[in-house]
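Asks: The following feature annotations were taken from TrEMBL:
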DOMAIN    30-253  domain 'tRNA methyltransferase TRMD/TRM10-type'
BINDING   142, 162, 163, 164, 165, 166, 167  S-adenosyl-L-methionine binding site
Ligand code: 4FV
């Protein structure tokens, strides 16, 4: 079965991923290689939290490569002035191409992904696809105005954008991709299914969360949550998740069909509203 890489725009296939393993086969580690001129930024990120634990458990590896190590001049120059003039600098093709080729030698089946505002919008669904495919990823972090187009044409398999805004580098987007994908890898989050109930995973915003104290600055925790009645708690969580989504992100409900369970919960809530507004 071929996995289709997300394409909200075309809805069709934009990249094809082969599942990395047969059913029941122990899952191999997913290897991330991050090409950057600031490896220390990404190293710090991978030494904390869920990503750190996933590295320690061998679920993933996260290796940084300093693009400057592929320069030939004593100033380790990675950028130069743009042909045709204009402001800013452009990343030189030679060090970047050498770094990509070297990373590919280390992980021959890896896909090479450039983080750029021109890329496809990164979503929870995209993260799910990447986690399921478990293919190694070489993440190319641009800086300055961007990278020489000849690298894009020759050595980049995919372009991903984390949002319609311009950052000063691709490192933060690369960390976003690694974080979102890693937490969807089975076992990465400890409690097996906790990622499944998360926001966007079910195409809606999560219910509200509460913890101790039972009363905070006069504000009590909703009674149903301390009732011990799990059926009522699940019903409350579904209802609040739907109503929060209706109020904050109605687009998420409009872009898909509601499940019978969701319709039943929303109808129950509408009846409450009707009672409220009844003359
Ligand atoms: C970006 C984004 C992003 C653009 C020029 C790096 C910067 C600089 N990457 N989603 N939005 N990249 O703004 O992924 O090279």
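A Cβ is built for glycine as well, from the same backbone N, Cα and C atoms used for every other residue.
What you see is a predicted model, and the numbers here were worked out from it, not measured in a lab.
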Asks: Find the longest CA to CA distance in the recorded S-adenosyl-L-methionine-binding set 142, 162, 163, 164, 165, 166, 167; express it in Å as a whole number.
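Replies: Farthest-apart Cα atoms in 142, 162, 163, 164, 165, 166, 167 are separated by 16 Å.
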Asks: Using all protein chains in view, find how many other C-beta atoms are within 10 Å of the C-beta of residue 166 (S-adenosyl-L-methionine binding site).
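Replies: Result for residue 166 (S-adenosyl-L-methionine binding site): 9 neighbouring Cβ atoms inside 10 Å.
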Asks: Quick test of your reading of the structure: among the binding-site residues 162, 164, 166, whose CB sits under 6 A from ligand 1?
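Replies: 162, 166, by Cβ distance under 6 Å.
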Asks: Based on Cβ atoms within 10 Å, give me the single least packed residue among the binding-site residues 162, 167.
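Replies: Output over binding-site residues 162, 167: least Cβ neighbours within 10 Å is 167.
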Asks: Have a look at the binding-site residues (142, 163) and report the one with the fewest Cβ neighbours inside 10 Å.
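Replies: If we count Cβ atoms within 10 Å for the binding-site residues 142, 163, the smallest count is at 163.
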